[in-house]
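Below you'll find the structure, written out as structure tokens, and then a few comments.
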Amino acid sequence: MVSPSQSDLPSYLSQPALTQYNAWGEDGQDVTQQEERRRSNEAKVLVRRTRTKEYSLITKCIAEFLGDFTFVFIGTMQAYVPNKSNDDITHAALAHGFTIFIIVASLGHISGGHFNPAITWAVTAANRMPYWHLPFYFISQLLGGFCGALMSAAILSSSQLTGTYAGATLLSPNNAWWEGLLSEALATYFLCHTVLMTAVDTDSNVLAPLAIGLTLSIDIFSTGAITGASMNPARSLGPNIVGSIFINSKDLPSNFWNHHYIYWAGPLAGGTVAALIYRLFEAREDRIVP
């Protein structure tokens, strides 16, 4: 019997046998080859990830220093501008909010983007950072804040520095100490809670810099007229030290140091409350209350 020619066969039989079982890709390549290529690409990605070096504690501390240097420098420098403006709270809120957005976005992947002893304490108390890192972060942040304030003092004239009290955050004479303490504690709680929920305990922290920056701005809008809305011991300590060094004591207000403790006790208390609530109710993996 004479076998039929290839042209006499039905079209579905004239195709390569593998086509009937989807063993050929749409581009005519063997699916096996495509699968091998895919696995090869995945292996290359895995190799790149495994080769990524873990940041050392020294590098993390340098990132925290640079972040606080930037934050306090801009915070103290912008304090001079409101002398020419009637809306100093808005100016301060936007300047600080934009700054924290930028430094968290640019340095957050290295150190976690705390730039604030209160946030570092909250993250540590929430069991999301080793406790022995705490003092090194604190020192880096406080030193960065001092150097940032020192740099602003080097740029501003003596009269400009005196007019802004070196950018120090001071309790309003219209408020009692406990009102300032409560104001700092609540504002810092909001800030630390945002950090924990958007940057620490999440699958994606892409929006964390924006959320943290907006929270900081809102806090300043709401409590800035009472305490200056520091929420950050590093933001308050550096300018106070620089002001005491470079400004004549006669030109400083009488309460320049009197209520400085509220800028430590308030933020640390707010960070503690945020960490406690997080550990009790909000942690996705190890919360105490189901």
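Note that Cβ sites are derived from N, Cα and C of the backbone, with glycine treated the same way.
What TrEMBL records for this protein:
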TRANSMEM  57-81  transmembrane segment
TRANSMEM  93-115  transmembrane segment
TRANSMEM  136-156  transmembrane segment
TRANSMEM  176-199  transmembrane segment
TRANSMEM  206-229  transmembrane segment
TRANSMEM  261-281  transmembrane segment
Stretch among 57-81, 93-115, 176-199, 261-281 sharing the most Cβ pairs under 8 Å with the transmembrane segment (206-229): 93-115
Stretch among 93-115, 136-156, 176-199, 261-281 sharing the most Cβ pairs under 8 Å with the transmembrane segment (57-81): 136-156
Folded-back contacts onto the transmembrane segment (93-115), same chain, C-beta under 8 angstroms, at least six residues removed: 55, 59-61, 63-64, 66-68, 70-71, 74-75, 78, 123, 129, 137, 141, 144, 195, 199-200, 205, 208-210, 212-214, 216-218, 220-221, 224, 232, 234
Intrachain neighbours beyond the transmembrane segment (176-199), with Cβ under 8 angstroms and 6 or more residues off its ends: 104, 108, 112-114, 116, 118-119, 122-123, 126, 128, 205, 207-208, 211-212, 215-216, 218-219, 222-223, 226-227, 229-232, 259, 262-263, 265-267, 269-271, 273-275, 277-278, 282
